[in-house]
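Pulled from TrEMBL, these are the features on record:
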DOMAIN    3-145  domain 'Lactate/malate dehydrogenase N-terminal'
BINDING   Gly8, Ala9, Ala10, Gly11, Gly12, Ile13, Gly14, Asp34, Asn94, Ile117, Ser118, Asn119, Met228  NAD(+) binding site
BINDING   Arg81, Arg87, Asn119, Arg153  substrate binding site
DOMAIN    148-322  domain 'Lactate/malate dehydrogenase C-terminal'
ACT_SITE  His177  active site, proton acceptor
Amino acid sequence: MVNVAVLGAAGGIGQPLSLLVKLSKDVSSLRLYDIVRCPGVAADISHINTNSQVQAFEGNAQLKDCLTGADIVVIPAGVPRKPGMTRDDLFGVNAGIVRDLVQAIAENCPKAFVCIISNPVNSTVPIAAEVLKKNGVYDPRRLFGVSTLDLVRASRFVRDLRPSFDAGTEIPVIGGHSGNTIVPIISSVQNAVHFSEEEIKTLTHRIQFGGDEVVQAKNGEGSATLSMAYAGYTFVNSIIRAMNGTPTTVCSYIDVSVDQSGFEHYKNLCADQVEYFSVPVSIGPNGVEKILPLENLTEFEKDLIKTASSAIAQNIASGVNFARK
Ligand code: NAD
Ligand code: LMR
């Protein structure tokens, strides 16, 4: 049984994500934190008849109590995009939010698994790592950037083109979580679905810019929340399974120093040096155990990795510089 804290729980992602976590039989305590609206959201969710206990924490003064004893902390706190913005445009607001929340994690639950949803993930994860390092409590095996929505989209968008494809089939997506840093590995299902080169290019572009479809459709009212809540819950469930001793694999944006030799496979394809990258990993009770290889990448996918690595290197530098200031 695990204790899960959601920071930003009253937001567009936070509410449905908290609802889904409330359905888990493996959660004993669900702590909901936000700077606004939290008591109402928590009171509502707390009436659902599953065994976990729901508590509301609102405002900085209650953050310590929210985090003390938390095993998993999920962070969807921060502002979302509006049409015309990139995820990097969110850095100015969200970098500080993530820095301060992770400082509180370092002080109150330094051994928790930390799952970062707040954008730009390519930079907020390095910020979190720097804060944990400054506090002397950094364990890179326990820090994750949640890029699961890219995998969810990849499988669903393949199904849109090939109705015989099972949308539940996992397609690895590596690199980062923004535009051309998102690298879907469609070759992993090419034997089953047979796409032409042109179709692969179109599909890859759709997966890379899938977030824009939602931002445009919401027309100023934010970005993906419901599909993200599903993706976030899927990810949290994988962590819970791993904590409970079931070997689990996920793709996540992590500090690749956890397994230097495992990362060699990807490093050789990168144009720039990257300390963080989304890769398939096996996770166990203590977090990331191994970076897993992806075999038989196509030349097209290798080129995507090269392009992604240059942008990610810059995103990492922005995050690290911000946190070290
Ligand atoms: P939202 O505005 O609906 O909700 C954000 C919530 O964060 C609000 O309730 C707000 O009060 C809260 N918040 C702000 N500052 C806080 C602080 N200091 N402490 C605690 N809570 C705070 O936004 P949303 O649609 O839920 O999106 C949240 C973030 O998730 C955005 O940055 C968005 O870009 C990102 N996102 C990431 C992915 C992904 O795949 N990783 C997908 C979708 C959205
Ligand atoms: C997404 O991929 O939907 C999120 O990162 C939100 C966004 O800004 O597109």
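Using N, Cα and C of the backbone, Cβ positions are placed for all residues, glycine too.
DSSP assigns Ala10 (NAD(+) binding site) to coil in the three-state reduction, placing it in neither a helix nor a strand. Comparing Gly8 (NAD(+) binding site) with Arg153 (substrate binding site), their Cα atoms are 23 Å apart once rounded. Cβ neighbour density within 10 Å is lowest for Asn94 among the binding-site residues Asn94, Ser118, Asn119. Nearest by CA distance to Arg153 (substrate binding site), out of the binding-site residues Gly14, Asn94, Ser118, Met228, is Met228. In the vicinity of ligand 2, defined as a Cβ distance under 6 Å, the following of the binding-site residues Gly14, Arg81, Arg87, Asn94, Asn119, Arg153 are placed: Arg81, Arg87, Asn119.
The Cβ of Ala10 (NAD(+) binding site) lies under 8 Å from the Cβ of Leu32, Asp34, Val36, Arg37, Cys38, Gly40, Val41, each of which sits 6+ residues away along the same chain. Cα proximity to Arg87 (substrate binding site) (within 10 Å) is found for the following recorded positions from Gly12, Gly14, His177, Met228: His177.
Our reading of the substrate binding annotation (Arg81, Arg87, Asn119, Arg153) yields a largest Cα to Cα distance of 18 angstrom. Around the residue listed as 'active site, proton acceptor', a 10 Å sphere centred on its CB holds 28 further CB atoms from the protein chains shown. When the domain 'Lactate/malate dehydrogenase N-terminal' (3-145) is classified with DSSP, helix, strand and coil residues number 65 helix, 30 strand, 48 coil.
In the three-state DSSP assignment, the secondary structure recorded for the residue listed as 'active site, proton acceptor' is coil. Considering other CB atoms within 10 Å as the measure, the emptiest surroundings among the binding-site residues Gly12, Gly14 are those of Gly12. Applying an 8 A CB threshold to same-chain residues 6+ apart, the list for Arg81 (substrate binding site) reads Arg87, Asp89, Leu90, Asn119, Gly211, Val215, Gly222, Ser223.
For the pair Gly14 (NAD(+) binding site) and the residue listed as 'active site, proton acceptor', the C-alpha distance works out to 19 angstrom. With respect to their backbone Cα atoms, Gly12 (NAD(+) binding site) and His177 (active site, proton acceptor) stand 19 Å from each other.
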